[in-house]
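Feature annotations, reproduced from TrEMBL:
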- 11-263: domain 'FAD/NAD(P)-binding' (DOMAIN)
- 363-428: domain 'NADH-rubredoxin oxidoreductase C-terminal' (DOMAIN)
- 460-515: domain 'BFD-like [2Fe-2S]-binding' (DOMAIN)
- 535-577: domain 'BFD-like [2Fe-2S]-binding' (DOMAIN)
- 604-666: domain 'Nitrite/Sulfite reductase ferredoxin-like' (DOMAIN)
- 676-812: domain 'Nitrite/sulphite reductase 4Fe-4S' (DOMAIN)
- Cys685, Cys691, Cys725, Cys729: [4Fe-4S] cluster binding site (BINDING)
- Cys729: siroheme binding site (BINDING)
Amino acid sequence: MSTPTTSGPRRIVVVGGGPAAHRFTDAMSARGLDGAQVTVLTEEAHVPYDRVALSKALTQTDVDLTFDAGLWQRDGIRLERQARVVDLDLAAQEAVTADGRRFPYDELVLATGSNAATLPIPGNEHTHVYRYLEDVWGINQQIQELTAKYGRRINAVTIGGGLLGLEAAAGVESLGANPIVIDGGQWLMGTQLDEGAGEAMGRLIKNKGFTVHSGVFPQAVLTEEVDGEDRVVGVEMADGRVIDADLVIVSIGVRPRDELIRAINGRAREAAAAAAGTSVEELVGTDQEPAADYAPVFRMGPRGGVVIDEACATDVPHVWAVGEVANFGGFCIGLVAPANTMAEIVADRLAGGEAAFDGFDTATKLKLSGVDVASFGDAFARADGALEVVYADPARGVYQKLVVSDDAKTLLGGIFVGDAAPYTALRPLLGRELPAEPGAYLSAAGGEAPDSELPDDAVLCSCNNVTAGTIRDTVGGCGTCEGQDPVQDVTGVKACTKAGTSCGSCVPMLKKLIETELVASGVEVSKALCEHIEFSRAELFEAIRLADLHSFEAVMERFGTGHGCDLCKPAIANILASQQNAHPLDGDLGGLQDTNDRALANMQKDGTYSVVPRIPGGEITPEKLAVIADVAQRYGLYTKLTGGLRIDMFGARLEQLPEIWKELVEAGFESGQAYGKSLRTVKGCVGSSWCRYGVQDSVKMAIDLELRYRGLRSPHKLKMGVSGCARECAEAKAKDVGVIATEAGWNLYVGGNGGANPAHAVLLAKDLDDETLIKYIDRFFMYYIRTADRLQRTAHWMNDLDGGIDHVHSVVVEDSLGLGEELEAAMTRHVESYEDEWAATLKDPERLRRFRSFVNAPHQKDQDLSYVEERGQRRPAGPVSLGASIPVGAARAGAPAGGEL
């Protein structure tokens, strides 16, 4: 087996550019290269990216999955893209690329990963696989093209019911296709789940609208020629059935990329056979069954992969293997956690350490909205004397099982379906004695496990092999982060330790551990709104509602201290406005508001304001367009169309706002509330009214939604979109609430947004009628308004909720908290009490008094506003247009009063 070479500057070559290669390079850099040069040779055109998150790229083709791009800018690290290695000159210790370049090495790390397995059946050339970025981009593109071409939801068949197959099926479903899953096993995820769990899993998947065919095998992908092209029309099964299909994805596992090593072994066999004057088979056998007197250059596993030892070293000196190409104990595993562990071990060995690989961590958690599944350890109770503690409720699709030692004390493994909440707490306890009896951890059966402290050596993040002790050291200030002070928030700990940066399943436990350590250190973990209000926004909202308070003074007297600040004042004003639909300028609310709310307009950089009338759904008559044009021209306002299908007018002075809005209100316009933390726009496409692809009247729905939720005050701005078909022209999935038409009704998406931190909305419910759609949106908005933090968009709010979208689904769709009618009633009160803020302001002289540029001279205009003409409109004069500024203190330097400086 290979051993480390002598210390000193070395040339380290990595073959492959996937996650394992990135992790190894990062691990080497973290340990200090000491003059060594790490060269990564990848055949891909991309910088190494996170394949675990590939499902995001399926639905969001512009998402950036790149790992830390800064790694490749560090000294001593070199990335060679589109450099496919075709040979290893082991004698000369050189890696040879397809274009003839030779890269000398002192140590070489094989990180070639794996390829998606394919089916040897007729028509396989017309299928997709689910492995690389190009694969998922191709699937996305074809779904869009076929949906547009056929004018209906297409049938997307996924062959394979494992982790990746189900993720692929969920992805195509979110793109508007009908998901159909074919799996040869008797139940889905047969590698991770036993029969009881598989049955529960099947029920959950089917309840999501997936069609599942289990225990059957495809024997051909059927096509027919249309316009000179072969078009997929179905999948023929071994039992003779034909399943209609427009697109087929094959996701039946992976095969190690070991062709480079096989070629080396093959040439060595041929040379040995030629020298002995016999055939290869007679002399040496095969990779899998070598002859007794012949040793291949590299030993290969029975199912492929390069055999490694506990140091992750191969049989060839100075050649190592990590990730999916590495065969340990007869297996190659396509999971991120063991790949990361191997990468760290090789880096440690090259740095003179003695780290050892002791086997695969096969813990898995399915990333599928609405289907909570996790499996870890000895899930099938194969250990001698193992006991299984099981709770099953097939009707609800819930299955929980713990596998423990024969004395029921040591945790050996577990399976969770439908409710995987205990997984994050149990996973670090694998192989350890449970603090309570096993049944206490079966939450679905009413078990209540005690809070227990994780031992320092317990692995909290299995993907990156980060222990609880490492987290504690980081929170306490271990000094590993370049001498920084103690890191006391989740973001900082993730950056320092890499915990929670891969699959993310450990983040709830990570957050809990950090908070526990801070409390133990005497650091108070505060959720207070500010120094004057000890409640969080959600707690304060509920307290104000239950106490039926109506003023800032009453709130501060009951729940606060002091006179308030710039944090709590607008937050309380927002809560009062949202609960009572109160006018933002009435009573003591006016003095609490931000600048924009006080002016009922957005202040611009020159101190003027914008005027944004509401245009529900983007529908506007020529007559109303003429009103906007006339107002803008007479007041000299700059006009621009917005992404929300509205017309903004810029440059109005504060005292002009009532005059302008009087004309707009008389013409039938309302305030678009572009200034408030409230509903902004409902963007809608033309839908079935005009578009030949539209399947529902999206214009009417967009208008109905905007008129229903207009004026709704919330923790942050709200945006909505309504698309009339799966082509998604209204970009509904980039909105807080998105509605997409189907032939059977509407699909409801929630939790999306654009901006600096974009998020893709996720499916909450499908094929809804109008009444049910509005009911669910009512509940969603009101639950968000009640429970979100200050200035928290719906996407971040959902991510912070325990259970995320699953929790939202249970509250909104299943009414698990029994709040449905209460939330609907709250929205009804808002709808019935709505009054346009500008129309109400124009009726009240006291409110109008606020719209003066100079309090003591209400009719005087601000003379300091300067403008320049550009493209036929005026805009504020910038610093260059206004001329050079005089530095502060120039007069003291002796500059002449009227001369040039």
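Yeah, the Cβs are placed from backbone N, Cα and C, and that goes for glycine too.
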Please work out the mean pLDDT for the residues of the domain 'BFD-like [2Fe-2S]-binding' (460-515). 76
With the greatest number of Cβ pairs under 8 Å to the domain 'BFD-like [2Fe-2S]-binding' (460-515), the stretch among 11-263, 363-428, 535-577, 604-666, 676-812 is 363-428
When each of 11-263, 363-428, 535-577, 676-812 is checked against the domain 'Nitrite/Sulfite reductase ferredoxin-like' (604-666) for Cβ pairs under 8 Å, which one has the most? 676-812
Cβ pairs under 8 Å with the domain 'FAD/NAD(P)-binding' (11-263): which stretch of 363-428, 535-577, 676-812 has the most? 363-428
Once the chains shown are all counted, how many other Cβ atoms turn up within 10 Å of the Cβ of Cys725 ([4Fe-4S] cluster binding site)? 26
Quick check: which same-chain residues outside Cys685, Cys691, Cys725, Cys729 lie with their CB within 8 A of the centre of the [4Fe-4S] cluster site CB atoms? Val686, Gly687, Tyr693, Gly694, Ser698, Ser723, Gly724, Arg727, Glu728, Ala730
Counting every protein chain present, what is the number of Cβ atoms, excluding its own, within 10 Å of the Cβ of Cys729 ([4Fe-4S] cluster binding site)? 18
Cβ neighbour count (within 10 Å, all chains shown) around Cys691 ([4Fe-4S] cluster binding site): 16
Helix, strand, coil residue numbers for the domain 'BFD-like [2Fe-2S]-binding' (535-577) per DSSP? 29 helix, 1 strand, 13 coil
Residues near Cys685 ([4Fe-4S] cluster binding site) by Cβ (under 8 Å) yet at least 6 apart in sequence within the same chain, in sequence order, are Cys691, Gly694, Ser698, Val699, Val722, Ser723, Gly724, Cys729, Ala730
Need the DSSP three-state call for Cys691 ([4Fe-4S] cluster binding site) to compare against my parser. coil
